[in-house]
């Protein structure tokens, strides 16, 4: 017992010491969890603020449950801003001075933000807002303002892409008259300027406006032609706006309404009646990818709060709380979370305010740096600040219906509008669908795309000025009814304008106003008419108004609808070939010489061929030979060569030569006929410089700008004559300069085309063609009609419509195929017949070569026969192979015909002549009767029939016939 007591007395102090140490460590561990004060300034009575607070509390709870080892814990201090700027400022000041918060989450809108930003900058307390999105706040340039959301300016390119895709040319922004509404306007203007879209009017509506004031503003918009409205305001004012718009009939067919994310992101908190009033509206909404973090949060949210869906602001609030908790934990180990006791302003006078003794947070710079570098994958996408704000790269385009919203497409930076996005593990991929939106239900429950521009029924018509002309009325003609004095406007320019206006994507009422004096005379020049458009007296000018640089400073011209250029018209004269030697003109000198040389060449070749084939030809004298040969050659020109040729080579050559002559003579005949019958119209003046040097008179149209152009080119004013009509222009040409007329006219292509349609055979156009921009329709500077009208003019000029209008007014029933001078008939030269003459030459050479080869072969065959006849022969002749071998049918044993030399009857020839005659005579191959007679006389020659008929054995024709005769 004493031992136990002894041990107990010794161990008790140790147990007590252990227990005391445990309590100390336990207390120390409790003291290591640092409570960090964070303020929240929101409109707590607003639905959106209440939902955002739930998301913030849920974010901090889940974050610290997941990171229970963190040494810091955020303690939220919530203050109500009471929906006023003063209330927000007072709440922030209280949190900084009384609670010494190291950061403030808020405010709830952009109007309350400026004062809080300045307050945070002075106290080094970061102001973190996930709902103040106005770009105006960037101008404060405060490093202590962090925008945990997207800038409103990031959506303007998505809006401009929608406007551009439907080719609307004018829009009217309707925005809240405060910092939030005005902040986006400069960015909208820049975005629309890039796509040439005009902002016709800016409608600012105060959040405090009564329904009557809103209705008055909407009625004002109804009187304007623009039907595309972009609404940028918060849901409270937006709901009232659309309710009144539906009431007065602005949610019907033809209207286009596009809302920014100020309304589109908060449609989940808007009532069903508001959505019903917005049926057919397009919305640009912030897009969050369906990440696993977002889907897990939605599951937990439904379990905790029922079936309510998360909106964008709840997601941003959730990520904002997470980012702030991570940043505070990061700096907690080496930064004091308290406030400095040194005041910013140490003034002790009675004029000081609560701001004068405002202290500053020691953790401010480090916390700001930690927030700038924090990065994690949140429920709203990657949370990573760039220049103090989150960046948006994708927006969702929704079509608002009575039951909610329907996605019709997306907009992605650097890509544009797409129908859908396909999300996979590698990120967002653009679908292969066309860069257009899905079908949209527009206001009025229609699927047809509104034109975007309509003239109201109570709007006045456009006053279009038309010139009063004394001539060239085919372009514009003003006639008046004798009874009513009502003007009737017709002409080429009027038809083009009416056709283009009918094809416009919207209806434009207009009326023509003649630019004339009360007594019906022209009121002034075209420059004066254009200037009155500039002054606003007219809404446009239609007529044969030339587009000029000086006029374009006062008005905007649509694209030209007529041919451009200024040309010079001069008379033409007939210069047909005349004279006794005209028959030589069709062929050039070279071709005449080539043809004559070819005749000589053919004659020589015929001589060579006939000399070898015809014995009679060799017996003729040299003069007869030459005359016969060249008569034969030249007679082929008329195909009158009746004497048959003896040589096959001559016949082939003559056939080829006759073919060449046929082509040559036909071409000669056609050219000569053209020279004698077709007019060769030549201009009296070849070039514009000839007019300047000759000093002749030049005509121009009265009131035309060509007068100044001619003076600039150096022509004397005394030499310039005016005309009003094509007939007067023609009469001046007939007078010529010597009688006070003109020798040339300087005018635009359109007028010249009309003149040439009537007098095309008497005048022509000479070079050069001077530059001019053609006729165009004039409108006031910046008119939205110009781009659309220009597009319709292009459609007209590229199709058959313009041709039909020109045929109606400018060409009529008479068409000039060519307004230039007629070319004289082309003379035939040797280049056109080189191939034919080459063929003749090649064929003749081949025939000559063939003749030489045949002659050499005959000579060799003859030599072989002579040698065979002089050799010893067998006394008994063998019967031919085809003869019967019967003893009673033996062949006669007459000696071979070549072995007998029979003298023909008549005078004897001397030995030399006889030998020469025998060596040169041949059996005519084509005469088969002669050979048959020879065989019948001497049957022993049957076996020699082939030799006789093959032209290879020279025979002595006279000796053979002598033998036949004696037999």
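One-based numbering along the chain as shown.
Cβ coordinates are placed from backbone N, Cα and C, and glycine is handled just like the others.
Range with Swiss-Prot annotation region 'Disordered', chosen from 864-913, 914-963, is 864-913. Within the listed segments 547-567, 568-588, 652-672, Swiss-Prot records transmembrane segment for the stretch 652-672.
For the ranges 591-611, 675-695, 696-716, the feature annotated in Swiss-Prot as transmembrane segment maps to 591-611. Counted within 10 Å of its Cβ, the other Cβ atoms near residue 795 (N-linked glycosylation site) come to 14, all protein chains included. Shown are the glycosylation sites 45, 57, 121, 336, 550; the one with the most C-beta atoms within 10 angstroms of its own C-beta is 121. Cα of residue 336 (N-linked glycosylation site) to Cα of residue 121 (N-linked glycosylation site): a distance of 19 Å.
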